[in-house]
Amino acid sequence: MKVAYFIVAILALTSSVVSAYDPSPLQDFCVAVKETDGVFVNGKFCKDPKLVKAEDFFQHVEPGKTDNPLGSHVTPVFVDQLPGLNTLGISLARIDFAPKGLNPPHTHPRGTEILIVLEGTLYVGFVSSNQDGNRLFTKVLNKGDVFVFPIGLVHFQLNVGYGNAVAIAALSSQNPGTITIANALFKATPPISTEVLTKAFQVDKKTIEYLLKQSWYDNNN
């Protein structure tokens, strides 16, 4: 009986881990199509395969404009931008940096990220979970260098070179999601209670009120 309970526990754990990732496709492709009526689970409605064309799997990506407070711009190529990605479990993003530009601390709740530097020099890093002691892992990357950011962990990239920088990030989900930490805390709708924030950060109310009034730029726009 104990063995049976053990097996059930292992299967339950395995199922919960598997469900955290994009499901494997059961067909060659499932090009996303917008629907006004119906529901979908962990993906999007599919275009009739007979109507699929090469353009459903193609997109041209231009350099992003970095004349903003962060000095960076993320151009996502997720399923919302490239319908042919639906059910395939991958996506990417182009990240452009002005000198000293920052892709601020953020997480991807549904995908691991692997980044390669095409031009410039980036200081990158991620922070492990509470369970691991919130350890900071950092590296300075040059052209051709690759770095991995594990799924769900807070990470960032800063241009520490003297010129512009460009990187490409690949992600293990068609829709990895992005949670920018500052935006989530100080630009929530409706706002998070100042009582919660002052206690969480252990600062006075005026500091929190000041932060809540700031314009938090989203470099995915």
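From the backbone N, Cα and C atoms, a Cβ is placed for every residue, glycine too.
The oxalate binding site feature in TrEMBL is assigned to ASN103, HIS108, GLU113.
Sequence annotations record features per position, and here TrEMBL assigns Mn(2+) binding site to HIS106, HIS108, GLU113, HIS155.
Marked as disulfide bond by TrEMBL: CYS30-CYS46. Applying an 8 A CB threshold to same-chain residues 6+ apart, the list for CYS30 (disulfide bond) reads GLY43, LYS44, CYS46, LYS47, ASN86, THR87.
Averaged across the domain 'Cupin type-1' (60-209), pLDDT in this predicted model comes to 96. Taken from TrEMBL, the feature domain 'Cupin type-1' covers 60-209.
Sequence annotations record features per position, and here TrEMBL assigns signal peptide to 1-20.
When the alpha carbons of ASN103 (oxalate binding site) and HIS155 (Mn(2+) binding site) are compared, the span between them is 9 angstrom. A straight line from the CA of HIS108 (oxalate binding site) to the CA of HIS155 (Mn(2+) binding site) spans 9 Å. Of all Cβ atoms in the shown protein chains, 18 besides its own fall within 10 Å of the Cβ of CYS46 (disulfide bond). The record gives ASN103, HIS108, GLU113 for oxalate. Within 8 Å of the mean position of their Cβ atoms, the other Cβ atoms in that chain belong to ALA93, HIS106, THR107, LEU115, PHE149, HIS155, ALA169, LEU171, PRO176, THR178. HIS155 (Mn(2+) binding site) sits 10 Å from GLU113 (oxalate binding site), taking the Cα positions as reference.
Across the structure, GLU113 (oxalate binding site) and HIS106 (Mn(2+) binding site) place their CA atoms 12 angstrom apart.
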